[in-house]
Amino acid sequence: MILQRLFRFSSIIRSAVSVHFRRNIGVTAVAFNKELDPVQKLFVDKIREYKSKRQTSGGPVDTGPEYQQELEKELFKLKQMFGKADMNTFPTFKFEDPKFEVIEKPPA
């Protein structure tokens, strides 16, 4: 009786594990497939090209002097609006504890 339950339980586990592995193998087969269709290949190549350009320039890619001027102008506006604070740091907040008055409870 116990042996039958053990065999039944092991067959259930075996089927669940096989389904799990079959599903994961199907996903990894697609992930490791290096043969891409031409559109995917162009897309991936453009992303890699953009990444390398961004790393070499250290900032926005394919921008002209007008972009830099606009960026400077907008940062200047923000500094004027928010008290000339450094826009690259998180502001520090200073909260003061409220002062409460002690009120005597009248005798009942």
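Counting begins at 1 with the first residue displayed.
Yeah, the Cβs are placed from backbone N, Cα and C, and that goes for glycine too.
Summarising the annotation, Swiss-Prot assigns transit peptide to 1-32 and lists similarity to another entry as the type of evidence. Per Swiss-Prot, N6-acetyllysine is recorded for K41, K46, K79, K84, K94, K99, K105, and the stated evidence type is similarity to another entry. For K84, K94, K99, the entry in Swiss-Prot reads N6-succinyllysine, with the evidence type similarity to another entry.
Taking the features listed in Swiss-Prot, we show where each one sits on the structure.
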residue	record	Cβ neighbours (10 Å)
K41	N6-acetyllysine	12
K46	N6-acetyllysine	10
K79	N6-acetyllysine	13
K94	N6-acetyllysine	4
K99	N6-acetyllysine	5
K105	N6-acetyllysine	5
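Among the modified residues listed here, namely K41, K46, K79, K79 has its C-alpha nearest to that of K94 (N6-acetyllysine). Straight-line distance linking the Cα atoms of K79 (N6-acetyllysine) and K46 (N6-acetyllysine), rounded to a whole number, equals 36 Å. Among the modified residues listed (K41, K46, K99), K99 has its Cα nearest to the Cα of K105 (N6-acetyllysine). Of the recorded residues, K46 (N6-acetyllysine) and K99 (N6-acetyllysine) place their C-alpha atoms 61 Å from one another. The secondary structure of K79 (N6-acetyllysine), as reduced to three states from DSSP, is helical. Here the Cα atom of K41 (N6-acetyllysine) is found 66 Å from that of K99 (N6-acetyllysine). K99 (N6-acetyllysine) falls within neither a helix nor a strand when secondary structure is assigned with DSSP, and so counts as coil.
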